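Engineer: Once you've had a glance at the structure underneath, I'll fire off some questions.
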Amino acid sequence: MIKIGLTGGIGSGKSTVSNILREQGIAVIDADIIARDVMEKYIVITDKIKSTFGEKFIDGSGKLKRREFGDYIFSNKDKKNIYEDIIMPFIKKEVFEKIDELHKRGEEICIIDGATLIESGFYKYTDIIILVWANKKTQIFRVKERDQLTENQIIDRINSQMSLEEKKKYADFVLDNSNTLDETKKQLEEILNKITMNL
Ligand code: ADP
């Protein structure tokens with residue numbers, strides 16, 4: 001089974017491309033959903049966040065205040081790294097279990113969709129990396145529409161991630177999603193054809 005890593009930057013269109021792949025019946029493992037689910041599954045993560053970052057990020061029912069915590073860690077690279085060190089082992093375990101399941105089911109390709117695939121080092125476990133790229137202006141414009149964040153909050157989030165230019169160095173394929181969805185679909189088809197040609 002070919003493991004294809006799909007990554008991008010905030011608002012570059014990774015989720016959009018991931019949905020197109022799903023519609024085509026391709027198995028997609030969403031590492032971002034897994035990252036959210038592990039919080040529920042392993043209470044120890046919230047405990048660790050509480051002891052590391054303070055009680056102010058935990059609400060009355062013991063759950064993480066996602067928005068406040070997001071603002072806090074996304075504005076500081078060191079804090080974000082500490083958070084990722086806490087959560088990453090749990091995410092890895094779950095992703096590997098899902099890869100195993102798909103392999104046993106006889107899938108020929110699977111997509112591992114993750115915003116921090118490269119930063120986390122997880123890309124090393126994939127065979128091919130597709131980077132969904134968009135120019136910065138487009139990223140900011142689309143996130144503004146989607147998330148009701150201010151321009152400064154968006155820029156903070158973009159700057160807290162590895163730059164798309166840096167990510168390009170790791171990518172086998174760069175899909176330019178700065179234009180229409182039709183153009184994106186066309187590029188995606190070409191990329192998939194190249195990948196599956198050797199199956
Ligand atoms: P990411 O997952 O990389 O953060 P999304 O896939 O959610 O990005 O895309 C960000 C926003 O831009 C979404 O609201 C999405 O619907 C929109 N979008 C994505 N690609 C395009 C495109 N090619 N044309 C127009 N809007 C797009």
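Residue numbering: from 1, along the chain as shown.
A Cβ is built for glycine as well, from the same backbone N, Cα and C atoms used for every other residue.
Pulled these from TrEMBL:
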- Gly11, Ser12, Gly13, Lys14, Ser15, Thr16: ATP binding site (BINDING)
Engineer: If the ATP site is taken as the center of the Cβ atoms of Gly11, Ser12, Gly13, Lys14, Ser15, Thr16, which further residues of that chain fall within 8 Å of it by their Cβ?
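Structural biologist: Once Gly11, Ser12, Gly13, Lys14, Ser15, Thr16 are set aside, the remaining close residues are Gly8, Val17, Val132, Ala134, Arg142, Asn177.
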Engineer: What residue among the binding-site residues Ser12, Ser15 has the most other CB atoms lying within 10 A of its CB?
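Structural biologist: Buried the deepest by this measure is Ser12.
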